[in-house]
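Chemist: Okay, so TrEMBL annotates it like this:
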type	residues	note
ACT_SITE	Cys71	active site, proton donor/acceptor
ACT_SITE	Cys182	active site, proton donor/acceptor
BINDING	Asp8, Ser9, Tyr40, Gly41, Asn72, Thr73, Thr183, His184	substrate binding site
Amino acid sequence: MKRIAIIDSGSGGLTVANELFGRLPEERIVYVGDHGNCPYGNKSPEEIKELVFGVIRFLEQFELKMLIVACNTASALMLDELKARMDVPVIGVIEPGAEMAANTTLNRRIGVIATQRTVESHMYRKTIRENGDGLDVYEEACPKLVSYLEDEEIGDNEIKSALKEYLAPLREQQVDTLVMGCTHYPLAERQIREVWGGDVHLVDPARATVSRAADWLREHGELSTAAEGGHLFFTTGDVPDFEEKVKKWTPVSRPVVRYAETGE
């Protein structure tokens, strides 16, 4: 059975998995969250590449039909390298999200919240502008947010306090569209809307990413017609902790969660 692989620095890629479960219920995934090294956004490019290639080596034991890089940081840094290495299609989250944002904005002013490394790459700015003329793009790094969302002990008030700091410059720029440029961030969609306070079009790249994946599978005759077996979830971190997050954030009530050894 061929599976769709979804990789992320942690649990954020579950937002992509959820979208896939809804759109393509017959497909089966193998998910690898590199929780032991999360977050990626504050690491050097060399460190990130080494970690991601470790995850890719781990996935070599599975028969895959597609790889979804559900990590904006890795998508910004090394998507072309992964496409060259893999013998299955590789889909990142930035291009679909950028296209969606360009098609959503009415006042042509788009904000992007993302990790430090993704913002420094300016891949969202570049890719959004490739999808439309005269688009103003404002990027804001949110260095604390991934760690906060992964930590069950961090409460609403701390998340909102961080968001007030990160969103203020984008509100000042009067953006009408805000890209959640990290797959963790839709987990805080409620808090983002509450802190923003007014009307804003929130773009979740997971939706456009899964649409692109579905289109490719359909065009190439790779869509599964019957559900076989279950989904597989792996983590380089704490297995019981990730198991609880899968139960909390996805419809998979009895997930198979195992430890992944991704080092040399």
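Going from the start of the chain as shown, residues are counted 1 onward.
Here the Cβ of each residue, glycine as well, is placed from N, Cα and C on the backbone.
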Chemist: Please give me the CB contact count at 10 A for Asn72 (substrate binding site), counting all chains in the structure.
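Modeler: Other Cβ atoms found within 10 Å: 34.
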Chemist: Over all pairs within Asp8, Ser9, Tyr40, Gly41, Asn72, Thr73, Thr183, His184, the annotated substrate binders, what is the largest Cα to Cα distance, rounded to whole Å?
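Modeler: Among the residues the record ties to substrate, max Cα distance equals 12 Å.
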Chemist: Given a separation of at least six residues and a C-beta threshold under 8 Å, show me what packs close to Ser9 (substrate binding site) in the same chain.
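Modeler: Result: Gly33, Asp34, His35, Asn37, Cys38, Pro39, Tyr40, Gly41, Cys71, Thr73, Ala74, Val146.
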Chemist: Using Cβ atoms only, which residues of the same chain lie under 8 Å from Cys182 (active site, proton donor/acceptor) while being at least 6 residues apart in sequence?
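Modeler: Non-local contacts for Cys182 (active site, proton donor/acceptor): Gly12, Gly41, Asn72, Thr73, Ile113, Ala114, Thr115, Thr118, Cys142, Leu145, Val146.
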Chemist: Please give me the CB contact count at 10 A for Thr73 (substrate binding site), counting all chains in the structure.
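Modeler: Excluding its own Cβ, Thr73 (substrate binding site) sees 32 Cβ atoms within 10 Å.
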Chemist: In the same chain, outside Asp8, Ser9, Tyr40, Gly41, Asn72, Thr73, Thr183, His184, whose C-beta lies within 8 angstroms of the Cβ mean position for the substrate site?
Modeler: Gly10, Gly12, Gly13, Cys38, Pro39, Ala70, Cys71, Ala74, Thr115, Thr118, Val146, Cys182
Chemist: Might you list, by sequence position, any residue in that chain lying six or more from Asp8 (substrate binding site) with a Cβ less than 8 Å away from its Cβ?
Modeler: Leu14, Val16, Tyr31, Val32, Gly33, Asp34, Ala70, Cys71, Thr183
Chemist: Within 10 Å of the Cβ of Gly41 (substrate binding site), how many other Cβ atoms can you find? Include all protein chains, please.
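Modeler: Around Gly41 (substrate binding site), other Cβ atoms within 10 Å: 26.
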Chemist: Restricting to the same chain and to sequence separations of six or more, state which residues have a Cβ under 8 Å from that of His184 (substrate binding site).
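Modeler: Counting only residues 6 or more apart in sequence, the Cβ neighbours of His184 (substrate binding site) under 8 Å are Gly10, Ser11, Gly12, Thr15, Leu145, Val146, Leu149, Glu150.
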